[in-house]
Amino acid sequence: MRETLRTRLGWLHAWAGFLVGLIATCIFMTGTLSVFDEEMTRWMQPENQVPANAPLTDTALDAAAALIHEQQLRGSSVFLTLPSPRSPTLDVLHYDGQKFVGTLFDPRSGVPITVRATMGGTFFFTFHYTLLAGTTGTRLVDILGIILLVTIVSGVVIHLRALVPDIVMLRLSAARLRGWLDAHLLVGVLFLPFTLMIIYTGTVVNANLILPATPLTHLFAPEKPETPATGPAVTNAAPPPLPALAPLLATARRSLHGREIGFILFSPDRLSLYASDASGPFLTRDHADFSLPDGHLLGTTTTPGPIAHTIQAMHGLHYARFAPLGLRWLYFLSGLCATGIIASGLVLFIMKRRRASGLRIGFRIGEGLTITTVTGLPISILVFLWSNHLLPATMTGRDRLETGLLFGAWILCAGHAALHSTSTSMNTAWRPQLVMIALLGGGLPVLDIVTCPHAVRSLWAIHAGMDGMGVLAAIMALYARRQLRG
Amino acid sequence: MIFVIICGLWLLAFTCHVRLQPARYRFARLTPPGRCMAIMGRVAAPACALMLAIRPDGMTGILTWFASLSITGLLVALWLALRRRTAA
């Protein structure tokens, strides 16, 4: 009876894991990169060389306020993000339907900084939770999260007897399949707390999209087109001039119990100063409101209560915006290992079925898709980074071209894997793609030093981290290639 | 620094765990007093690590505790695998 349960759960774990794992690998890989999304944006905009913790001056605030008022007069809906250690510029932004764009100010002098147009780290963040398919994509990601939780629970039940005794068991000298299984189990068990936490919180933060409080008929109703944020939120009366922002910031900090201010939203009759996401593990939208044009404090809005705190903690844990640098690195490493769990599961699924079904068309497609996911996505991410540094900084539409090149490279990888799916050994597809990762990843530091020497010198930590990740990807790819024999 | 100490405590816990499974990990069997010490170490070391981790900040501490478990466990497993391979 027990064996029957394990067998059935094994079937569920394998098939659900494989089908969901193909997309989950992409979600986890981009989510892991999103841990350093701000840093990636800074790497991809080498013109912005403002050091972390640059002091914010009244001059800069006045310059930003003048631009905001000018934009408001033109009917644009903009907001202001304040400098933080991760993103030290003062940014006047609006949403263009894909990303936040606008003017970056040096917080010390108030001088606008001209930077190249790029999606930056935002691309990975957006891809991670929407698959670039808007609300429908977010719903899909949420459903995949639930299936992934089922897969994990079934995997734990299958492995329950050896879960604790074999917690540090890895047999590299055993047969190749045994070695892969050990690696999958080892990383799966050791990183189980992180994996469960990140999938559960990720599912909960957008749970309202698949389990709405409103009737289900609304859920499947056709989506309304988004209101273009750049479009005029026209009011009849001209917006009043903004008061000096520095005193309001000080008042808001006091009203929000000493928390730093993250961003400011502007409406016709008031402005709202929101607590920074980095100010604590509970990700809130607590804010202080001030009237316009005189700047009197209208009051503070907080969301107390255990339910609100629970959901704030879920958001905080998943987004990790409160995390100091060390903990952020731990999130990143755990994310890499969680990606490795799913990727190794995909490879195991293929390896186990190669002997029995290796010549079937379904198997060939499955292996082609696995290659496209496991090696194709890293290649396209590296192409994205290379194109950012190689395309002219002033080129029109370069941000769209960067994204286009990423998807172009991914399609080429898929085509390459499909082309080799007719050959007897799929190593002929794995090997060139692994070599490509090694070339692009290993060449990243050279490219960075050659194309942006000033930025490498002034922001060496960010550039060393990014380039180091490229080199790490190259080393891992070369190691994997060496292991592919025959 | 605290992170290193927490990792060290996890290392102790994993070492005790491995010594308590001599057949699986190919180690010599412990004497009864040694076994008793290993069981105590396996329980006490993670508890001490947890107390140390959550002292400055609860949520960050718990996240650090779990992450250090994972990373130290991975390093111990790699060391054991290399030891096994060398022995083979």
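The backbone N, Cα and C atoms fix where each Cβ goes, and this holds for glycine too.
Annotated transmembrane segment per TrEMBL: A:12-36, A:113-131, A:143-164, A:185-211, A:329-351, A:363-385, A:405-422, A:434-456, A:462-480, in sequence order.
With a cut-off of 8 Å between Cβ atoms, the residues of this chain six or more beyond the transmembrane segment (A:143-164) that come close are 5-6, 9-10, 12-13, 16-17, 20-21, 23-24, 27, 185, 188-189, 192, 195-196, 199-200, 202-203, 210. Of the ranges A:329-351, A:405-422, A:462-480, the one with the most Cβ pairs under 8 Å to the transmembrane segment (A:363-385) is A:405-422. A Cβ distance under 8 Å defines the sequence-distant neighbours of the transmembrane segment (A:405-422), meaning residues of its chain 6+ beyond its ends; these are 123, 364-365, 367-369, 371-372, 375-377, 379-381, 383-384, 387, 428-429, 432-433. Below 8 angstroms of C-beta separation, residues 14, 17-18, 21-22, 24-25, 28-29, 31-32, 35-36, 176-177, 180-181, 183-184, 187-188, 190-191, 194-195, 198, 320, 323, 363, 366-367, 370, 373-374 of the same chain, each at least six residues beyond the ends of the transmembrane segment (A:329-351), sit close to that stretch.
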